[in-house]
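Student: Per TrEMBL, domain 'Major facilitator superfamily (MFS) profile' is recorded for 1-563. Look at TrEMBL and you will find 40-61, 67-86, 138-156, 176-203, 224-246, 285-308, 320-345, 357-377 tagged as transmembrane segment. The annotation domain 'Kazal-like' is assigned in TrEMBL to 395-450.
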Amino acid sequence: QFFVFCHGLLQLSQLLVSGYLKSSISTIERRYGLSSQTSGLLASFNEVGNTLLIVFVSYFGSRVHRPRFIGCGAILVSLAGFLMSLPHFITGPYEYDQSVASMFSNTTDLCQPGVLGSWGNLSDAGCTPHAARENHEVLLVMFIAQALLGIGGVPIQPFGISYIDDFASERNSPLYLGILFSVTTIGPGVAFMLGSAMLRFYVDIDKVTGDGVQLTNKDPRWVGAWWLGFLVAASLVAMSAVPYFFFPREMPKEVGEVLRVALLALHTNTSYFPLVLLRNLRHPVYLLVVLAQVNLSAMVAGLATFMAKFLERQFSLTASLANMIIGAVNIPGAMVGIVVGGAILKRFQMSLRQCSAMCVLGMFLCLLMAFPLLFLGCPTQKVAGVTYSESSEFGHRALECNLQCNCPEKAYNPICGSNAIEYISPCSAGCSVVIINAGNNSVLNYTNCSCISENGLAGFAKPGTCGTGCSHLFLPFVVLSCLAGILASTSHTPSFMLILRSIQPEDKSFAVGIQFMLLRVLAWMPGPVLYGSAIDTTCILWEKKCDRKAACRYYDNNLFRQR
């Protein structure tokens with residue numbers, strides 16, 4: 001029972017490390033200027049290390065000291081977690097364009113007519129060879145960490161399950177495995193809640209004092225302390241790993257055990273490997289159900305990675321709140337669906353045909369719920385020179401009103417004009433005066449803005465984006481997406497039953513192993529990358545770093561939602 005407790009704890013903290021990345025993905029994109037395609041690849045990269053090794057591990061399962069192997073895997077996972085946060089410590093503080101000179105820079109992004117080159121250091125500051133190299137280092141470290149995370153995770157689940165199954169009594173084994181299964185479903189929810197908590201802190205909380213930060217977490221330039229969560233999760237994994245080095249290789253069995261074959265050890269006689277593989281893949285039911293699961297899992301993998309980012313952009317939420325919704329509403333909803341599906345299955349003792357009917361029904365109802373989501377959202381707010389242009393020359397950047405300001409191309413410090421149009425920076429709105437709250441050095445508003453005219457007078461603007469004006473659709477969106485998730489996940493257990501009952505009993509563990517391999521290679525790996533690429537195609541203004549595309553500043557919200 002102590003082993004089951006330890007294993008539950010370890011699996012939870014391992015899922016915290018891998019799940020936390022998904023919750024902070026939009027923040028890491030903004031901090032290091034990544035496209036969604038790159039961040040999607042990063043998010044799914046741990047599956048690579050995992051897939052390469054899982055076959056060997058399943059094969060050697062009974063011949064090694066399993067608890068020690070689990071312990072070593074856990075040490076690797078915790079190392080990976082610490083590595084993920086390393087970029088924060090090897091790069092300088094986060095720099096953003098600002099109107100008030102601060103300890104970092106004496107430039108300002110106000111309109112300063114006649115002062116040529118006052119912008120000099122702003123536009124080219126980030127482009128030394130050192131900065132470019134730093135960026136490559138960051139990516140390299142993160143990809144290595146993700147690969148290690150995948151490799152370290154390999155022994156944890158299969159060895160833990162087979163160890164418990166070998167030494168638990170027939171009566172208790174399902175209970176123990178049920179406990180572990182519920183922990184693995186809770187894990188991602190906890191990870192998103194952790195993300196929600198950590199992203200409320202400013203990224204450089206350890207490098208700058210409180211009054212040096214002029215941003216609030218509602219600001220589009222805000223970057224939360226994404227690295228903190230990795231430190232927390234990695235420390236938890238390291239702590240959970242300790243007991244494993246003290247468990248014996250074999251335990252006395254719990255009483256009341258009937259000798260039997262360990263269910264989940266995948267060591268089918270090797271010489272039969274190709275034969276069994278062909279026999280299963282030729283089986284139409286097995287093949288169809290696995291393909292259906294692949295499609296569903298690819299969608300789940302993409303959504304898990306980018307759903308928070310979608311909520312942030314579509315409904316103008318903070319990253320913290322978006323994670324809170326996913327961790328507290330969507331993931332528990334999916335868990336409820338899985339449990340309900342299993343309960344219905346048990347209550348009505350379904351045949352195979354009824355199982356497949358139940359899967360089809362669940363999916364069909366899910367589609368009905370999800371269809372309205374296509375329309376629940378708003379277009380991107382009006383952004384001068386990006387999505388909106390007063391003159392007939394649409395998309396022509398330099399509006400005449402700010403020509404005398406000599407604005408840099410790269411400035412990004414969105415403000416919302418009193419005319420409800422957003423400007424990329426105070427300079428592009430032609431604002432020449434900034435009014436500051438003396439207490440905490442934060443910007444109250446901008447005045448004398450030559451581009452914002454109201455009744456012939458120069459208008460004013462307040463800092464931050466105008467937002468999408470979509471908040472009233474947020475609740476219906478959350479409710480419908482949660483219901484769709486519940487309905488889709490009711491098919492989880494029946495689809496597993498279809499696989500387990502349609503193949504020959506001696507191929508069972510092997511077939512499940514192959515199924516997970518296919519899910520990894522065809523769904524969990526490509527899913528986030530495909531979603532990220534699709535999201536990138538909807539970007540209308542890219543941040544430029546050293547003449548390469550970095551993170552996306554503005555998306556076409558309608559296209560983002562539909563794709």
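Cβ atoms are placed via backbone N, Cα and C, with glycine included.
Remember, TrEMBL labels are computer predictions, not curated facts.
Note that the structure is predicted; figures quoted are calculated from it, not measured.
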Student: Mind checking which residues reach the transmembrane segment (224-246)? Cβ under 8 Å, same chain, six or more beyond either end.
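Tutor: That would be 2, 6, 9-10, 12-14, 16-17, 20, 23-24, 27-28, 31, 67-68, 70-71, 74-75, 77-82, 84-85, 87-89, 191, 194-195, 197-203, 205, 217, 319-320.
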Student: Mind checking which residues reach the transmembrane segment (320-345)? Cβ under 8 Å, same chain, six or more beyond either end.
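Tutor: Answer is 23, 182, 185-186, 188-193, 195-197, 199-200, 217, 224, 307-309, 311-312, 355, 358, 362, 478, 481-483, 485-494, 497.
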Student: If you run through the domain 'Kazal-like' (395-450) with DSSP, how many residues end up as helix, strand and coil?
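Tutor: Going through the domain 'Kazal-like' (395-450) residue by residue, I get 6 helix, 21 strand, 29 coil.
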